[in-house]
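Have a look at the structure below, then the notes.
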Amino acid sequence: MAALSAPGLCGFRILGLRSSVGTAVQARGVHQSVATDGPSSTQPALPKARAVAPKPSSRGEYVVAKLDDLVNWARRSSLWPMTFGLACCAVEMMHMAAPRYDMDRFGVVFRASPRQSDVMIVAGTLTNKMAPALRKVYDQMPEPRYVVSMGSCANGGGYYHYSYSVVRGCDRIVPVDIYIPGCPPTAEALLYGILQLQRKIKRERRLQIWYRR
């Protein structure tokens, strides 16, 4: 009896295996039919619409980059500051212009007119009554223009921070590029600030930004 039941059991197993194989083949066919709707290795995907403008040619980028380097070299090598001495920091600014440090060797030449200047050195305490004059002189400077805040009083009010008549930082009136700490900062510190401004100008990419628009 046991010998007779073994072939029947094998038949049931074979039928069950066939049914499972048939179900797997049907499921595979369903998955293949769904997958063929989208892109596959044999069916290339359609290119998507680009929302960003195409990049310019490498030759144009190279020419504009070299022009930027040339303009930045000329600009940082001939900084003409507009002196705006307000307090004791101006004495150290004059010290930097003396023969000991000789700022002329860096191309820094003081100008008396804002029309001929591209840098303003705010040296000293800025009061509320002086703030409109500072802004007026800044507006008369041609673009591009830079501002150097020299000393603690120009940076944030300094010793007179809580005074009713003092502006707590000249960056509330004009945009500042370089801050020089100290009360007062030495001539070496101001010279270092000028060198940092030259490094900042060297990294500018004005023409490249204009070219990519």
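Yeah, the Cβs are placed from backbone N, Cα and C, and that goes for glycine too.
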Margin query: Using only what Swiss-Prot says about [4Fe-4S] cluster binding by Cys88, Cys89, Cys183, identify which of Cys153, Cys170 is listed for that site too.
Written below: Cys153
Checklist line | Rounded to the nearest Å - Cα separation of Cys88 ([4Fe-4S] cluster binding site) and Arg111 (hydroxyarginine) | finding: 20
Check: Tell me, by DSSP, whether Cys88 ([4Fe-4S] cluster binding site) is helix, strand or coil?
Finding: coil
Note to self: For the binding-site residues listed here (Cys88, Cys89, Cys153, Cys183), tell me which residue's CB has the most neighbouring CB atoms inside 10 Å.
What the structure shows: Cys153
Next item on the list: Note the Cβ centroid of Cys88, Cys89, Cys153, Cys183, the recorded [4Fe-4S] cluster site, then list each other residue of that chain whose Cβ lies within 8 Å of it, in sequence.
Entry: Ala87, Ala123, Gly124, Thr125, Met150, Gly151, Ser152, Ala154, Gly158, Gly182, Pro184, Pro185
